[in-house]
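Engineer: Let me begin by handing over the structure; questions about it come next.
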C-alpha cells in the first residue's frame, strides 16, 4: 500500500468544544506579521512536510461556561424587568447572579 502525502490545501482544522474551554487548531497558509512571534503558531513536521499550525485555547468559552453566561443573562434581565430598574443592567455583571 502506497502512502499518500497530504498537500497543505487538503488539510482540515479542529475545534474542540469542551466544558470549560474551547480549543481550535488549523494549518495557516501564512503568518500575519502581527502574529509572527505569537506563541499560538507552531511549526510541525509530518511525513517530511512542514506545516505552520495555529492553535489556541479560549479559556472559559466552553459549553458549560456558555450555559452559565446565558442563564445569568436571562436571570439578570428578568430581575431588572420585574423591578423596572432602568440603567441597572449596564452596571450589573453576570457573576453577580451567581454570588
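Just so you know, glycine gets a Cβ as well, placed from its N, Cα and C.
Straight from TrEMBL, here's the annotation block:
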- 19, 20, 21, 22, 23: ATP binding site (BINDING)
Engineer: Quick check on the binding-site residues 21, 22, 23: which one has the highest count of other Cβ atoms within 10 Å of its Cβ?
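Structural biologist: The residue with the most neighbouring Cβ atoms within 10 Å is 22.
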Engineer: Within 10 Å of the Cβ of residue 19 (ATP binding site), how many other Cβ atoms can you find? Include all protein chains, please.
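Structural biologist: Here the count is 11.
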Engineer: Can you name every residue in this chain, apart from 19, 20, 21, 22, 23, with its Cβ inside 8 Å of the center of the Cβ atoms of the recorded ATP site?
Structural biologist: 16, 17, 18, 57, 58, 59, 60, 61, 62, 63, 65
